[in-house]
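Below is one structure, written out as structure tokens; comments come after it.
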Amino acid sequence: MASCLALRVALLLISGVLAPAVLTAEGPQEPDPTLWNEPIELPSGEGPLESTSHNQEFAVSGPPFPTSAPAPEDSTPPARVDQDGGSLGPGAIAAIVIAALLATCVVLALVVVALRKFSAS
């Protein structure tokens, strides 16, 4: 009975250590297609349309039309999209490692509570 319980505890501890190691292992090397790499689908099924035409020249002479000052959100540079094929940054890796360590601590606490409960009875 005691050896069976010790075996179960050992298996729980080993799985608590191995599961985070497997979860934080490096993923596949092939980049998966992501949403920002996919072409925009047009609902009509036609080819892409150009929003600006380089062939048109405007014959408007005179001062340009007055425009308002750019709003603060317009002056913010656009966020750079990571083109590394889905690699995780250091913050994401740190968050995964911390979550794995917390999960291991929870499993270890459950094992300790179970051992105390069964040893008391």
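Just so it is clear, glycine is given a Cβ too, placed from its N, Cα and C backbone atoms.
What Swiss-Prot records for 26-84 is region 'Disordered'.
Annotated signal peptide per Swiss-Prot: 1-24, in sequence order.
Mean pLDDT for the topological domain 'Extracellular' (25-92) in this predicted model: 62. The annotation topological domain 'Extracellular' is assigned in Swiss-Prot to 25-92 on the grounds of a curator's inference.
If one looks beyond the topological domain 'Cytoplasmic' (114-121) by at least 6 residues along the same chain, the residues whose Cβ comes under 8 Å of a Cβ in the stretch are 5, 9. According to Swiss-Prot, the feature topological domain 'Cytoplasmic' maps to 114-121, an assignment based on a curator's inference.
Residues or ranges marked as transmembrane segment by Swiss-Prot: 93-113.
The topological domain 'Cytoplasmic' (114-121): residue composition by secondary structure is 7 helix, 0 strand, 1 coil, according to DSSP.
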